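S.K.: Under the heading substrate binding site, TrEMBL lists B:T151, B:K177, B:T188, B:E274, B:N400, B:T405. Feature annotation from TrEMBL assigns active site, nucleophile to B:T188.
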Number of protein chains: 2
Amino acid sequence: MKQSSGGVTAAKGFRAWGVHCGVKSHNVDKKDLAIILSERECNAAAVYTMNRVKAAPIYVTMDHLEDGTAWGIIANSGNANACCPLSHENAELMCQYAAAATGRKPGDFVVASTGVIGQTLNVAAIEKGVPEVVAGLTADGSDAAAHAIMTTDTSKKEIAVSLTVGGKNVTIGAIAKGSGMIHPNMGTMLCFITTDCAITHEMLSEALHETVPKTFNRVTVDGDTSTNDMCVVLANGMAENPQIEWKDDNYTVFQKALRHVCEYLARCIAGDGEGASRLITCTVRSARSEESAERLAKAVVGSPLVKAAMFGSDANWGRVLCAMGYSKAPFRPEYVDVKFASDVGEVLVCQQGMGLDFDEEAAKSILSQDEVIIDIDLHEGQDTATCWGCDLTYDYVKINGDYRT
Amino acid sequence: MKQSSGGVTAAKGFRAWGVHCGVKSHNVDKKDLAIILSERECNAAAVYTMNRVKAAPIYVTMDHLEDGTAWGIIANSGNANACCPLSHENAELMCQYAAAATGRKPGDFVVASTGVIGQTLNVAAIEKGVPEVVAGLTADGSDAAAHAIMTTDTSKKEIAVSLTVGGKNVTIGAIAKGSGMIHPNMGTMLCFITTDCAITHEMLSEALHETVPKTFNRVTVDGDTSTNDMCVVLANGMAENPQIEWKDDNYTVFQKALRHVCEYLARCIAGDGEGASRLITCTVRSARSEESAERLAKAVVGSPLVKAAMFGSDANWGRVLCAMGYSKAPFRPEYVDVKFASDVGEVLVCQQGMGLDFDEEAAKSILSQDEVIIDIDLHEGQDTATCWGCDLTYDYVKINGDYRT
């Protein structure tokens, strides 16, 4: 497997584009409408938010993917198209516009929205914008599409990898958006993945459902699970590899590459959390089970007090232990070692549940890097899990104190 | 029942005092050591943090209260006395110092600590300070004791009420401290309650366990459950009412007054959450069960995005619905009404799960008051619950970005 360029249009037969159509009415410079389209019908699989309040595009997409196939994706940013009388109708209209401009059927499209909840979507702007996006569709369009799905994200998120499946060169590419309202329970963000791999709908769905819990669902920015989260993968088979129909070696290679793609984007989303100044990676090792390791790591990266301490580069490991303590996962506090690490070094701050004397200056320098690792050893078992988050900063409060207006 | 003055020393036979002894080494102006003492032996009951990592004073207090009685309380702020090799020994030493200075036994004392985790307690300072506190003990000492248990609290928290039990005048008084690391699961703070009511240990414990889940456990500041939380009630019987031994009318009167005391302090703690600029009260009504109403209300006041919107006086009700959606409580989004209210008026922003047009200026003014009410009607059943929290501000980040140093 090796990294390649081109994002969501890297795989054979996929084109994309993004424009400003007017959903983000105050920001004419910011793109707000994207389409991704395959030349051939794709097998498709998706994972959706677990929030009981689901936005209309989620229901419409569920409906459109019921047959396990799709041709493309239409997505807007700037408005979540949720909790309004016309939300469902507008989500259907988006697919109709995309279908009319591409000569396909509305049911061939996945539809996704992200932005403020409860305000009526400017669907007329989308109607006007769709032909422009379709006219622009190109195999170099990943960058434009990646920008068009951003809200408070500060950087676009895309990746592509190539691998060999059954002797053929296969590519997986993706774009994603994250930022606020980010918390495990399905992806809590938008992620669109395309591949030219030949793989059945069942195996594609299996691979995605294996991958999401260990990647996107291990990210937390603020503990708020959005109403609009969606992770979709489209596979058009144009790599002409022998179709993956079972959990054989080819499946394993594909799933591993898919996990790499999702983990890369999960880390991007965590590190670009609203207001974040750094990525926080917490690994819990030597746990009784992967589940308890995950629960502990998630509690640590989710703790507002840990997050604020990380913002201040403060080696306040007591808060790490405290967060583990209320996670409801079983562990023995008196066995726990805690280490802070980053590019410039590492420092053991707690051993067997007790504080150690350590060099505060060295710790400060370690905690001032772009990625900080909180490494916890439980000394109890064999299992490990890693979760990702970010620090809590003034800018998070600023961004969210007045997001609507 | 009527409000009276005097806090934790309002009930007959209780004295208290607080001084600066040196645990808060950088702040000679700030009191850090308190003692509360009864003239007679008290029946005692307590509720403790549910955090798996419990500070040493919790274990020592559990041990000392095993016989259901106590004479007094010794508490320090500035250091949590947790996760250090000498924590347990130092908690025992604090009781020994208090016992020596008052002519009682170490086992007669409740011990509590609050502050930073994992740094060795300056127990020599406490040894030196105890005689000074004991010399100062007075029936006017509630104010000094209330100040001596504060950490990042901006105001002292105390209350006293008087009521009639079996024809006798009974008083309940209390002091509390809160601020950060505040989240339901036992009080997540310190609260010391004294009463001259004659009541058995069993009934006192019953009353406290009935009260805490509906008051302190419905407060959240940041979702972090501390390692040191404790709520203790001491009853010395000096009101000479017929002793409460059963769940009779006298018990009901007493329990109601205790709930008033705890609810008052719970609201104080929420409104004085770290960095808070306002108290957020969320009531969920017409629910299928009190439990689901509580879970929904707690999710709303705990959501960082709702909290940040409240800081910005932004009527972003979509985040309220979103938080309800991930609370895991059952409800029908399409039935939900949401109203924002405060002293200056109220505004309905969402009806039957859909946004309404509303006057943004009026909403802004309603949301700019010291207490904001988020009133949610589920239109499903008969049950109601109220939870309390605060907004998320720049100051929360500032206070917690560098708390240790």
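Each residue's number is its place along the chain shown, starting with 1.
Note that Cβ sites are derived from N, Cα and C of the backbone, with glycine treated the same way.
Describe the structural context of these features.
M.R.: Under the three-state DSSP scheme, B:E274 (substrate binding site) falls in the coil class.
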S.K.: Among the binding-site residues B:T151, B:K177, B:E274, B:N400, which residue has its Cβ surrounded by the fewest other Cβ atoms within 10 Å?
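M.R.: Minimum Cβ neighbour count within 10 Å, taken over the binding-site residues B:T151, B:K177, B:E274, B:N400, occurs at B:T151.
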S.K.: Which binding-site residues (B:T151, B:K177, B:E274) come close to chain A, taking a Cβ gap under 8 Å as close?
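M.R.: From B:T151, B:K177, B:E274, none lies near chain A.
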S.K.: State the three-class DSSP label for B:T151 (substrate binding site), counting H, G and I as helix, E and B as strand, and everything else as coil.
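M.R.: Note: B:T151 (substrate binding site) is coil by DSSP, not helix or strand.
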S.K.: Please report the DSSP secondary structure of B:K177 (substrate binding site), reduced to three states.
M.R.: strand
